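Novice: The following block contains the structure, expressed as structure tokens.
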Amino acid sequence: MRIDIVTIFPEFFRVLDLSLLGKARQTGLIEVTAHDLRDFTHDRHRTVDDTPYGGGAGMVMKPEPWGEALDAIVGDGASDALLVVPSPAGEPFTQQLARELAAEEHLVFACGRYEGIDQRVVDHYATRMRVRLISLGDYVLNGGEVAVMAMIEAAGRLVPGVVGNPESLVEESHEGGLLEYPSYTKPAAWRELEVPPVLLSGNHGAIAAWRREQQLERTRRVRPELLD
Ligand code: SAM
């Protein structure tokens, strides 16, 4: 999978050198490049924003640097890549959406800042490639970088080969519709708290039944709408 990120803070994505995704990059499973939007400006101040037409608070990201940056990545014609624009006004990011992103060969992420990117950037690229506006949740971040990081991590771990044991992906929260059951490891007693005895019983049927019951109870309590 190839991932290109356009941002005014490319150094933010150095964290992708770490852990499983860092390993996936080293082995070539995932190729990530973070591009500095300011490299596509032509003035002394490397300006990427301007005041909004119609007035109002804040600044809007100018379309020209975005056009140059995205053309440098996808070419100047039609593209098979998927352009993802993080936005609190987008469709909610879910595990299902993570699966869809993981199936893409080439993802391009456009990290907005300030009041966001001039709408014509989305409108223009929607004539040349698939574009999706995706929201991390119903709150407002300062920029798209944190949202893109979350999407890359959630999708990246679903790319075959990134997580060593694919079975560990199956029983997770949001994979089967329910939240995951609680997990325990050694020691069997810690600060007067004991591991549920059924987990020490060696009875696989009883353990599976207990875990299922825990999933249902936790989902009912925390996220009842998932049971609908
Ligand atoms: N004025 C915009 C609005 O009300 O929809 C919010 C702009 S926000 C301060 C700046 C950038 O942060 C956005 O362009 C987007 O890239 C990113 N962002 C903020 N909240 C987000 C969220 N919940 N999900 C995804 N991206 C978000």
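One-based numbering along the chain as shown.
Positions of Cβ are set from backbone N, Cα and C atoms, glycine also.
Sharing the feature lines straight out of TrEMBL:
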- GLY112, LEU136, GLY137, ASP138, TYR139, VAL140, LEU141: S-adenosyl-L-methionine binding site (BINDING)
- 1-227: domain 'tRNA methyltransferase TRMD/TRM10-type' (DOMAIN)
Novice: Among GLY112, GLY137, the binding-site residues in question, whose Cβ has the most other Cβ atoms within 10 Å in this structure?
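Specialist: The residue with the densest Cβ neighbourhood is GLY112.
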Novice: Can you tell me how many other Cβ atoms are located within 10 Å of the Cβ belonging to TYR139 (S-adenosyl-L-methionine binding site)?
Specialist: 7
Novice: Count the other Cβ atoms sitting within 10 Å of the Cβ of LEU141 (S-adenosyl-L-methionine binding site), across every protein chain shown.
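Specialist: There are 15 of them.
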Novice: Determine the C-alpha span of the S-adenosyl-L-methionine site listed in the record, that is the greatest distance between any two of GLY112, LEU136, GLY137, ASP138, TYR139, VAL140, LEU141, in Å to the nearest whole number.
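Specialist: Comparing all Cα pairs, the maximum is 17 Å.
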Novice: Go through LEU136, VAL140, our binding-site residues, and report the one whose Cβ sees the most other Cβ atoms within 10 Å.
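Specialist: Checking each of LEU136, VAL140, the winner is LEU136.
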Novice: Could you tell me which of the binding-site residues ASP138, VAL140, LEU141 have their C-beta within a distance under 6 angstroms of some atom of ligand 1?
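Specialist: Only VAL140, LEU141 qualify.
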